[in-house]
Amino acid sequence: MDHDDIGPSETERSVTDPDRSLLDPEVEVGIEPPVPSDTHSYAPSESGGYIEGQPLSSKSGRRSLGMYRQGSRRSDVSDLTSEGDLSSVEEGEGLSTPRYRGLARHGSSLYHTVTTSKYWSRGSGGSRFRSTRSGASVGNFVDPGPKQILTLFEWTEGGQQVFVKGSWDNYRTMIPMENIGSGVHRVVIPVPEDHTEFKFVVDGEERVSKNYAVNSYRTGLSGETMDVNVRRVKEDRSTQRSNGASVISEVDVYSPTQIEEYHSPWLFRFLYLAMFPSALYYFYWLIERGGNRVAPVNWIMFFLAEVLSFFSAVISLFAMWAPVRRQWRSLDTLKPPLDTTLWPSVDIVLCHYREPVEQIQESVRAAMRMDYPSHLIRVIVADDGYFAKPKAIEHTELGEDLHSMLAFEAQHDPLMEELLQDNGRVEHYTVRCKEDIVRPDCAMETHIIDYGPYGADVFAEGARPRLSLIARVKPADHHNKAGNINNVLFNSGTDGKLILFLDSDMRPEPNFLKRTIPLMLRAKDEDDIARLVLKDSDLEHFYVGAKDKPSHWEIDTDVSFVQTPQRFHNASREDYLAVRNSIFYDAIGTGRDGFGLTPFAGTNCLWRREVLDELGGIIYGSVTEDTLTSNKCHASGYVSKYACEDLCWGEAPVTAAAAMLQRLRWAKGAVQNGIFAFRDLRRKDPAGNELKEFLSFRRQSRSPHNRFVRLMFWLDSTMYPVLGIGAYMYVFVAMYYLISAQPPISPESVATLAGAFVTYYTIRYLVFFAAYWGVSQTDLLRAMETWFTYVIPHLIGMYEALNPNSKLSWVQNTGEGIRKHWSEWVNIFIAFMLIIGIIFRLIAFLTIDGGCRPWNSFGALFFGGFALVMIWPMTSMSLNERISGAPASVRNNNGVEIPIAPAMAIFTIAGVLFLASWVDAPCGIQSKEVQTFADTLAGELQ
């Protein structure tokens, strides 16, 4: 619909009708570009911009530049009006109210944007938003010139007061940008559909952004240059949303912007699909034409390794089919705002076992500093080491130290505690015995120690969050961490609407809750069928906070939890152990988020209590109970979201032994989760619960959770320990090649080699880099190395999962810092065998082969060298731990230090000796004699 088709009556209704609700069921919440926070520093100029040093007019200096709605299915229109026409706006209503959404300052007047059937919707790849055309004005219409396109401008480099100005009005107008937190400022304004140049004014200084292309111009005769950002604003006429079965989420209603995009998802999809025919032809070529039948063992082993490698690539890369990189508002900047009295209560649960008190003390302090109303937070230390062993009530020394530390952090006076206890007046220490235990499967007794504040002191100015210690007397089968958490959930009387789980070493940023809670909210829809079907008592599940207060927001009952990345302050720059796991947290996490199937990582995760109550708490049956619980949650129809921001920092393993034991636990849990999936394929809802039945029906009726997507993720999570066997097959091929000089393939010609092998691997590497475009090259290299270095813990974990009574190893918590483990000797042995094989091949080439057929020997050296490069970094750390006399703090994250200068000297001398020996070898002598004969013949002919 064009703006010429809109009559004055519709214009009047869209602007002045006071009964038009912001929560129109056909309208989703958008954003409201802001004005500067200091209203006395800037005022509107005659050109519609802002001038420093003048107070704002009471009529025209409103605190809004308008709201651009996303998802609107109707036109939002208004007269093109002058500033004087705003005098009719009532004081206090402003331009930010629903009646006046859409206003934007641009050029010489106030434009009220016409949004013609405007959608901000995610494309089929899940990595971009598209918008349809938007026009400008009706009424006393004046042609504004070039077509106006709503365009996002974003500044991500900090600053207090940030403006943008551009070539659309010769840089005269400074348009203020909204600070949405974390140094990010945004504004959405209509600009001409053309090649647009602009720059930012940050705290009075003109700057350009590194996120946009930059042009430089010479100014005047002085030869000085002026830098400006440049972008091409182009209309996207697409209005249709993808109906692909793998896409579940629509536009993120907390963001007006298009999702951050590193590359087109279509490039990845094309390469991913192209990988299949290239692989089929490559495997056919290996079987029929390319295999070396002189060395059938090496050929068959190489073929099996290639098949496993391809299968691993297929199931792991599928996660990047529809990545989502969210941008959203913080809890305190929602539009419309959510009053702090309606914010949900949160229990912050720090899971502790035997980690040092000093470590968890920093985590407690970080949780207590959370930027959130203190009376809505309860910090809980769920201590599983307070009692020495199952069925014992003797306190451990570590438990007593933990109690003293928490009392200190809460500013609790232990002397006053003893005095009150002697008089029977202590209420902060509660013991729940058998008759009060709801879940005896996880506790025989529950001990709850509250350190305050108590009663009305919780609401006092400057009050600290409530701090508690919850411990349990464990039954014989106490289910480890899962039982510890379930004891907190069901036996201790905790009642936070949301629960944040943290490991004892994780230290959240102050804005953690403000950044994650909005992803659990949605704009209230009064026409939601749930409000017609459910009883009033059941509707409290939708309330964010107090149910007796009105709000524009409600809990999204389809969302179960929000996961954030794990970041580590002690990870080294080289990261030989790959503890950053960036390929998962920076890429795969966003990919699974596109399907609503982000896994629970056990920490840094915000859950809805109602979902955990429905699931029966953390699920038993695996040492990675976190992933098992999220699998059960997704099977129940819930979605999960991923907040890809650095919101929490912890401690990572610093030795190869600790990292390998951690991977062993993950592998064991992955196989256990796979077994569990076969035992419990269907979720059984409690009968007679109308609320759960209704919500379950609505979740299950959605298309996104198709079985194929969940099957692919299940295969990826369960099979990776098995598929690692392919790495050892490559090592076997390398050793066989080094000893025999017989390659696994024997191409007939370069053309056939290029048509099969080269084509397949070119596509494989292209799709790999396209999928993980945003991951650093160092982290990509470490990810490839882990396929070789963590094979032995993966195999041990798989064996222990299949044989529960076996004790090849034992599961170790990350924080305890094991220095050595016997499984490291496997990597050391393989590395030294490869080194011996390389030396043997060099000698055999000169002696046994007589310097002949160098391509076979050099190919073997390349293959063996590649395997050695993959396995050496972690092997070097294991060796350093055993031969270095340096302190432990120096050995952490470091390998054997190789003296570069002597090594280069030895390499040079050895290289010269090798070449000299090659000349004297039979093939070398023969080549020399042939050359001498040729020179003699040439002389005679002359």
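Keep in mind that glycine also has a Cβ here, set from the backbone N, Cα and C atoms.
Marked as region 'Disordered' by TrEMBL: 1-101.
Sequence annotations record features per position, and here TrEMBL assigns compositional bias 'Basic and acidic residues' to 1-23.
If you look up TrEMBL, you'll see 151-229 marked as domain 'AMP-activated protein kinase glycogen-binding'.
The feature transmembrane segment is assigned by TrEMBL to 266-287 (among others).
For 299-321 (among others), the entry in TrEMBL reads transmembrane segment. Residues 246, 265, 268-269, 272, 275, 279, 282-283, 286-287, 291-293, 587-588, 591-592, 594, 712-713, 715-716, 719-720, 723, 725-727, 729-730, 732-733, 736, 744-745, 764, 767-768, 771-772 of the same chain lie 6+ residues outside the transmembrane segment (299-321) yet bring a C-beta within less than 8 angstroms of a C-beta in it.
Look at TrEMBL and you will find 556-738 tagged as domain 'Glycosyltransferase 2-like'.
What TrEMBL records for 720-739 (among others) is transmembrane segment. Here the transmembrane segment (720-739) has long-range neighbours at 295, 297-298, 301-302, 304-305, 308-309, 311-312, 316, 667, 670-671, 787-788, 790-791, 794-795, 797-798, 830, 833-834, 837-838, 840-841, 859-861, 863-864, 866-867, 870-871, meaning same-chain residues at least 6 beyond its ends whose C-beta is under 8 angstroms from one of its own.
Look at TrEMBL and you will find 751-775 (among others) tagged as transmembrane segment.
The transmembrane segment feature in TrEMBL is assigned to 825-846 (among others).
Per TrEMBL, transmembrane segment is recorded for 858-879 (among others). Packing against the transmembrane segment (858-879) from elsewhere in the chain are residues 574, 576-577, 655-657, 659, 727, 730-731, 733-735, 737-738, 741, 743, 782, 784-785, 787-789, 824, 827-828, 830-831, 834-835, 837-838, 841-842, 893-896: each is 6 or more residues past its ends and has a CB under 8 Å from a CB in it.
Look at TrEMBL and you will find 899-919 (among others) tagged as transmembrane segment.
Tertiary proximity for the transmembrane segment (825-846) is limited to same-chain residues at least six positions away from its ends with a CB under 8 Å from its CB atoms, namely 656, 731, 734-735, 738-739, 741, 789, 792, 854, 857, 860-861, 864-865, 867-868, 871-872, 874-875, 878-879, 914, 917-918, 921.
Counting residues per DSSP class in helix, strand and coil order gives 3 helix, 49 strand, 27 coil for the domain 'AMP-activated protein kinase glycogen-binding' (151-229). Summarising model confidence by region, the domain 'AMP-activated protein kinase glycogen-binding' (151-229) averages a pLDDT of 83.
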